[in-house]
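Structure first, then comments.
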Amino acid sequence: MELFKYMETYDYEQVLFCQDKESGLKAIIAIHDTTLGPALGGTRMWMYNSEEEALEDALRLARGMTYKNAAAGLNLGGGKTVIIGDPRKDKNEAMFRAFGRFIQGLNGRYITAEDVGTTVADMDIIYQETDYVTGISPEFGSSGNPSPATAYGVYRGMKAAAKEAFGSDSLEGKVVAVQGVGNVAYHLCRHLHEEGAKLIVTDINKEVVARAVEEFGAKAVDPNDIYGVECDIFAPCALGGIINDQTIPQLKAKVIAGSADNQLKEPRHGDIIHEMGIVYAPDYVINAGGVINVADELYGYNRERAMKKIEQIYDNIEKVFAIAKRDNIPTYVAADRMAEERIETMRKARSPFLQNGHHILSRRRAR
């Protein structure tokens, strides 16, 4: 990869390579854009096949966070960290302490949070070295587990998508096929069940499927069969890239709305489902509840305030649909356009994360 050429093409600001020989830390921090504020994005720990693969993942994820944070209406830019290693056996306290010192050295340009392969406990260790971390334990004034917040945002966005497709945002009696019944999807199923939706679920973990069947009266199907079931709404809540050449011909749903990241295998698949008349709620807009929740910590966490902001995902999805109609484009393109328009509006303004010469987090420290 020609790194500087790639950074210039996609407007990346900074890439930092971090290593600590004593702890075994090998990390890459990618900061894509800080026009709207400091870059916020989680720390992912994964056993990558190569350093180049890790770099590509960090860059891709950082850019995605710019769009997610902008579309969510947050005064935050986009960044991401990847730590190269097996989260099951390579973690140690010294590693996360060292990583926290690297974050502190960025002086607030990047704020981290948990992601795949990291936990709240890991964030607590990082917090010993830097204030620039969210998603720490509630006893430190944090929001705790972000899964319920993410699920509530998906639920709100799904209602907006239902209104677009069916003329009403009521989910009562609607058949929703949920792919994956992990932490986020479990809470989503609870919201859907309480409104009277009928659930079809699948997961490679039979225990979580059994729980959904018992608690929500869901119907269980084989993972390979979920795409072709008769349903009103398909909710991808597991792996990315599941809207692809193989799965699209099987789909019977009128709506796609779920919590999974990077649902479209390629952009052209968004074009295909658009031409089919399927209403697609873009993933990074509908699944922003978690990042909205942790971002509220920067102001001193207030659950009521955070949940009100998460409720607005309904409005954000409606805005995406309006832009799609206005410009005659697929919704995935409209989501990008909504985020880009907000960033461009602010590009010449003074960065909001410096207020009266002080970083936004100075308010949290003062409490």
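Glycine residues also receive a Cβ, built from the backbone N, Cα and C atoms like all the rest.
Annotated features, as they stand in Swiss-Prot:
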- LYS80: active site (ACT_SITE)
- GLY180, VAL181, GLY182, ASN183, VAL184, ALA185, TYR186: NAD(+) binding site (BINDING)
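Cβ contacts within 10 Å of ASN183 (NAD(+) binding site), excluding its own Cβ and spanning all protein chains shown: 17. Taking the C-alpha positions, the distance from GLY182 (NAD(+) binding site) to LYS80 (active site) comes to 23 Å. For the pair ASN183 (NAD(+) binding site) and LYS80 (active site), the Cα-Cα distance reads 22 Å.
Within 8 A of the CB centroid of the NAD(+) site residues GLY180, VAL181, GLY182, ASN183, VAL184, ALA185, TYR186, the other residues of that chain are SER147, ALA151, VAL178, HIS187, LEU188, CYS189, ASP203, VAL208, CYS237, ALA238, SER259. Working note on the binding-site residues GLY180, GLY182: by count of other C-beta atoms within 10 Å of each C-beta, GLY180 ranks first.
Cα separation, VAL181 (NAD(+) binding site) to the residue listed as 'active site', rounded: 26 Å.
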